[in-house]
Ligand SMILES: NC(=O)c1ccc[n+]([C@@H]2O[C@H](COP(=O)([O-])OP(=O)(O)OC[C@H]3O[C@@H](n4cnc5c(N)ncnc54)[C@H](O)[C@@H]3O)[C@@H](O)[C@H]2O)c1
């Protein structure tokens, strides 16, 4: 059914570049921590350091939001939290379904960080009939037979896939056909979706491979410093590492929106 991956312009319709959008959650996380400590204002340098972003880049990003701060005072923390939350669409409640309630799906269901950021776990869905009705994180698991009705009844637009890779495309197709337009995919496979559907892929093993690449390079540099012949850095992983510097990317090797930007 699906014919191609999502192609999105580098700039959103309201004129905010995708790279800026990808950094907004980093600012929000840092600002939320400041807000919890009742810090009223923050300088661009302090906030940039807390978010792990270059301060000139931060000022440029905030200019897209129309937020320029006050010279000598900095940015108003509460107002910036509100502004970024509004920009990210977090001032409204987003019902989310998780499909595949095994080790990972159950861990995600139990994660309190979704609700505190405006993502309500509306339903947990699994194909195993033995799991139907069993509560996970206080929510009874529902069978996949009910997937379409669950999406419709809860007005769900975001689906999380935590099934084995072999089932992920079929689950994705059903979610999309039922009306889901954003998918967070944890299964180690590339999903094919129609235009208008956004897919974000999370793969911790890719992150580990990138760390392995850096470990290998560090070992090579240390060996070179000790006078030994330098190890050929990244002979197996360099292509992956060069492409994937982010923790949650658009799926596919051509993912262009790093979620964690280099400083
Ligand atoms: N992205 C990451 O960093 C990361 C980390 C760990 C695991 N994973 C992946 O997440 C997935 C789940 O891992 P796990 O350890 O929880 O596996 P698991 O075997 O514990 O759970 C998988 C669950 O999916 C259900 N399921 C199977 N087919 C289904 C279908 N068609 N519809 C609905 N539910 C279905 C199973 O009944 C089971 O409950 C795997 O693809 C794994 O590779 C990704």
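Cβ atoms here come from the backbone N, Cα and C positions, even for glycine.
As annotated by TrEMBL, DNA-binding region applies to 26-65. Confidence for the DNA-binding region (26-65), expressed as mean pLDDT, is 95.
Around residue 102 (NAD(+) binding site), the same-chain residues six or more apart in sequence whose CB sits under 8 Å from its CB are 126, 162, 163, listed in sequence order. For 100, 101, 102, 103, 104, 105, the entry in TrEMBL reads NAD(+) binding site.
Residues or ranges marked as compositional bias 'Low complexity' in TrEMBL: 225-234.
For 89-190, the entry in TrEMBL reads domain 'CoA-binding'.
The annotation region 'Disordered' is assigned in TrEMBL to 221-263.
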Where does residue 100 (NAD(+) binding site) sit in the DSSP three-state scheme? coil
Tertiary contacts of the DNA-binding region (26-65) (same chain, 6+ residues out, Cβ under 8 Å): 15-17, 20, 73-78, 80-81, 83-85, 87-88, 90, 260-261, 263
Tally every other Cβ atom lying within 10 Å of the Cβ atom of residue 104 (NAD(+) binding site). 18
Out of 100, 103, give me whichever of these binding-site residues has the highest number of other Cβ atoms within 10 Å. 100
